[in-house]
Amino acid sequence: MVKICCIGAGYVGGPTMAVIALKCPDIEVAVVDISVPRITAWNSDQLPIYEPGLDDVVKQCRGKNLFFSTDVEKHVCEADIVFVSVNTPTKTRGLGAGKAADLTYWESAARMIADVSKSDKIVVEKSTVPVKTAEAIEKILTHNSKGINFQILSNPEFLAEGTAIEDLFKPDRVLIGGRETPGGQKAIQALKDVYAHWVPEENIITTNLWSAELSKLAANAFLAQRISSVNAMSALCEATGANVSQVAYAVGKDTRIGPKFLNASVGFGGSCFQKDILNLVYICECNGLPEVAEYWKQVIKINDYQKSRFVNRVVASMFNTVSNKKIAILGFAFKKDTGDTRETPAIDVCKGLLGDKACVSIYDPQVTEDQIQRDLTLNKFDWDHPLHLQPMSPTTVKQVSVVWDAYAATKDAHAVCILTEWDEFKSLDYKRIYDNMQKPAFVFDGRNVVDTEKLREIGFIVYSIGKPLDAWLKDMPAIA
């Protein structure tokens with residue numbers, strides 16, 4: 001029986017291994033992590049992450065051929081294939097601070113694999129890593145190998161949160177990069193055989209190591225670039241009276257462009273886009289390509305601009321002050337159908353409003369108060385370190401309350417900011433919300449989920465990103 005072990009029980013390791021276990025009943029899969037609370041949660045009825053369909057998959061396999069354990073060394077020692085899916089945060093100090101990936105956790109994982117291994121292993125990079133990481137890991141393993149043969153593969157994940165299980169069941173492609181040596185090709189084939197249990201052969205792409213590593217960064221950079229492109233257009237639409245939804249629809253009808261990822265919003269979030277682009281920028285700079293680095297930097301600059309533009313619009317519309325005004329925040333996760341708040345635009349929007357002394361009341365169906373308080377107090381990039389290495393009890397932000405329904409959040413508020421496109425926000429009773437708010441009542445829709453005309457009929461002053469401006473907003477221009 002082939003044994004697979006995955007180091008790291010997070011958003012990537014957990015779901016990926018659960019699906020491999022489900023699709024390959026003849027393979028024993030162990031997911032290991034040094035975090036006891038995380039493993040305990042994976043073994044309970046309350047999984048540590050929310051992802052549609054994940055519960056079912058885990059419950060079907062757990063205890064049969066899927067195991068979650070803190071006994072890292074035992075399972076690594078027994079495995080034939082070891083996936084490494086650990087945090088690769090952005091460095092905050094030293095060489096490459098603010099851009100380069102911090103490979104501390106990766107390196108210690110590699111050293112531990114070399115240390116405990118008694119048989120040949122295939123080591124698979126699953127975390128998002130900079131190009132040439134495989135080479136560094138290979139050096140660590142071979143210099144500590146004690147005669148054991150290690151083959152390194154790069155198998156980047158292309159999951160979208162909220163649809164991760166679906167993406168794993170029917171991936172657009174599975175990418176496997178390895179050495180162009182007989183040993184490397186044999187390792188590629190071994191991993192290919194795992195995925196071939198359910199993925200059609202033509203969707204399994206094999207490349208060299210560097211191409212696989214770079215493809216992941218490039219794919220995320222291209223996706224983020226599309227969002228920044230449509231967000232840049234949204235600012236122009238507001239200035240000219242055009243409607244960004246109509247523009248995006250017309251543009252997306254071109255089959256060369258296509259309709260996906262053309263929704264204007266308050267900005268992109270998630271654990272990968274910004275991190276991967278910063279990484280790409282750093283790699284370009286290190287390879288003497290400043291023009292290319294500068295080009296990709298603009299994607300992040302537009303994203304930051306979009307978030308600050310949104311905050312400025314809120315403040316300017318409300319007589320240039322939100323001091324002591326209650327503002328309801330609907331949605332804190334970076335997108336719907338996930339509880340993930342990593343790099344969510346809601347953090348910067350809330351911080352911007354709090355900086356202007358607003359009182360913020362937040363409702364999100366999947367995010368806990370503890371998580372929200374943590375996000376609003378952590379330093380940039382801290383979230384990407386394992387929980388036990390983060391500051392223990394962050395100071396709570398006094399002007400923030402977290403409530404458990406949209407009506408409580410909006411009661412007596414001066415304004416509502418919609419920051420996540422949860423479906424339930426489309427069907428709220430906005431008349432009831434309006435009646436319980438201070439007047440004039442504002443809605444700032446950062447995700448274009450509401451029917452602006454209907455809301456205006458109720459009496460709201462509505463700002464929707466990239467849509468023609470309310471007369472009120474024209475009289476109170478946002479100072480960028």
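Numbering starts at 1 and runs along the chain as displayed.
Note that Cβ sites are derived from N, Cα and C of the backbone, with glycine treated the same way.
As written in TrEMBL, here are the features:
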- 8-13, ASP33, ARG38, 86-90, 127-128, GLU161, 272-275, ARG342: NAD(+) binding site (BINDING)
- CYS272: active site, nucleophile (ACT_SITE)
- 328-452: domain 'UDP-glucose/GDP-mannose dehydrogenase C-terminal' (DOMAIN)
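Location within the structure of each feature annotated in TrEMBL.
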{"residue": "GLY8", "record": "NAD(+) binding site", "contacts (Cβ under 8 Å, 6+ apart)": "VAL31, ASP33, PHE83, VAL84, SER85, VAL86, ASN87, LYS126, SER127"}
{"residue": "TYR11", "record": "NAD(+) binding site", "contacts (Cβ under 8 Å, 6+ apart)": "ILE49, GLU51, LEU159, GLU161, ALA164, SER271, ASP340"}
{"residue": "CYS272", "record": "active site, nucleophile", "contacts (Cβ under 8 Å, 6+ apart)": "THR128, ASN220"}
{"residue": "GLN274", "record": "NAD(+) binding site", "contacts (Cβ under 8 Å, 6+ apart)": "ALA224, PHE268, ILE300, ASN303, GLU343"}
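THR90 (NAD(+) binding site): 20 other CB atoms within 10 A of its CB, across all protein chains.
Per-residue pLDDT, averaged across the domain 'UDP-glucose/GDP-mannose dehydrogenase C-terminal' (328-452), gives 91.
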